[in-house]
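According to TrEMBL, the active site, proton donor annotation covers GLU168. Residues annotated as active site, nucleophile in TrEMBL: GLU248. According to TrEMBL, the feature domain 'Glycoside hydrolase 35 catalytic' maps to 21-338. The domain 'Beta-galactosidase 1-like first all-beta' annotation in TrEMBL covers 385-494. Here TrEMBL flags 518-575 as domain 'Beta-galactosidase galactose-binding'.
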Amino acid sequence: MPLLQVSGNKSFTIDYINNCFLKDGKPFQYISGSIHYSRIPQYYWKDRLTKMYMTGLNAIQVYVPWNFHETVQGVHNFTGDRDLEHFLDLANQTGLLVILRPGPYICAEWEMGGLPAWLLMKPNIVLRSADTEYMQAVSNWLAVLLPKIKPWLYINGGNIISVQVENEYGSYHMCDYNYMRQLRSLFRYFLGEDTILFTTDGNTDKEMTCGSLQGIYATIDFGTENNISDAFARQRRFEPRGPLVNSEFYTGWLDHWGDQHAVVDAQKVSRMLGEMLTMGASVNMYMFEGGTNFGYWNGADHDNRFRSVVTSYDYDAPLTEAGDPTEKLLAIRDVIKQYREVPSGPMPPATPKFAYGFVTLRKIGNFSSLLKTLSPMGPIQSQYPLTFEQYYGYMLYRTTLPRDLSGPTPLICPLNGVHDRAYVSVNGVYRGLLVRDTTLVMNITGQQGDTLDVLVENMGRVNFGSKINDYKGLLSNLILGKDILTDWKIYPLDIDGAIAGGWPQSSTARGKEPSVGPTFYTGTLEPNGLARDTFLKLPEWTKGQVWINGMNLGRYWPSRGPQQTLYVPGPLLSTTMPNNITVLELEGAPAHLRVLFMDWPQLSITAKKP
């Protein structure tokens, strides 16, 4: 870790008489933007931070996703794209202060709101409450994280000016003040009495009531559809003195699969920002750059049904998913210029893009032929299905048909127990889909003893609301006609591990004919001396997952939309070696088996090249 230089007495406090922050004893107003290091390759952190600084921001706001650093219980990873302290150091070098949001729950449209799925292996755990098992896990995590954070506090010579406790707790149904008190004690114990702790809650009395706690500064969040005076009047009812703070001013919004691509008007954003800054408020723009839900990290919402968040977290933010300045950014910079001096010099340009063109893939095979490679540990045996809380992505459930099925026989998933999509095959032949909330019955035929495979896809655990204890896999028995299916072999699938280990080589590819149902395909993008950002389109492919050179780019689902392309960071590509592409197509690939590398993103079905 770099040595932090402490010069003089650095202080960051709240002036309750003059209703402002004090930085080194002088009134201070922050103009901040949210950026998530977990959604951006480390190679690009400096580029994004520089662009934020050149826009005129003096601070950034950062979430710490617990599950990103402790995917397996007790194993902590702070290296590479997870090197939080390197990110804080780059922000510090760039001249940006940090508002840190370490959770333990963060929402963020991130898998399970940042909580690790292994918490759900404790059957009676009550998340986001004073429940003993939950608090023990939280305490263990904070005992690892917060000591890393302490040297980076502004008062210790670093750049962290304030730290959020929990996140939007008022929008959760528990309203457990004892939980918030225990968290406050933990943060105080590890970070000291002089650190500004704050809460953030939505713009309603209920949310502010359940989310705020004495001794933690209460801030509010709201977007362009809200009345500024009304929102800050609500903050004032809960925090009568001190600075006005909008901790999440929404520059855009998220997309779910099947939504229209969200767009928020740049003029509305810049006008409201100016009004808040005129009032002396400190503002954080959420998001300033969204980035990408690589791998399986996207979250989901569940209001009246389960809705999965798309791979892109572009968010219609001032910096695009690929870190490019937009008209919205320039409008925001013009506003900021009226309130503080913006750094001179040109805005760093957009990163170069390249259209590498079409690549034709070849088929490798389906799961039944690849289980030794994809599940090297072999199956777990169980009379009834088990959920898969220690795993992400996919799980294969296998049993045999208990009798001859002379005609089409209903395979039923009672109690809505498939989380989230199940791809059903008999003797390796794809028969169809069971889908959470929508398709809970399908017909199959076969003979006694035939192999029944049910490949279950986790589409992202719920990240917001009362249903964040979102178990994955088969949550209930499957019923075939009148028989409850038993004697399951359950295969945990380590597709990412196999691909990271070099599988598959294109030499193992077997055919040019596509299959129906879950099938792997591979191909190579030949090097041309350039490693440029590009965008992968899968025209006429149905739904699945893509890896390039071992990195999981995320999910594609062009028929559902709105997202049509996947962001491929340039540094991922080799300029001298063939670039390996692996596609898991879950439903059906097109006959042409081609994928297309474009030089612009298409985040809606109707988008045209700019």
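Note: Cβ is positioned from N, Cα and C throughout, glycine not excepted.
What you are looking at is a predicted structure, and each value in this text was computed from that prediction instead of being measured.
Within 10 Å of the C-beta of the residue listed as 'active site, nucleophile' we count 24 further C-beta atoms, all protein chains included. Non-local neighbourhood of the residue listed as 'active site, proton donor': CYS107, THR200, ASP201, GLY202, GLU207, GLY211, ASP221, each in the same chain, at least six residues away, with C-beta under 8 Å from its C-beta. Counting residues of the domain 'Beta-galactosidase 1-like first all-beta' (385-494) by DSSP class, helix then strand then coil, yields 3 helix, 57 strand, 50 coil. Each residue in the domain 'Beta-galactosidase galactose-binding' (518-575) gets a DSSP state, and the totals come to 3 helix, 27 strand, 28 coil.
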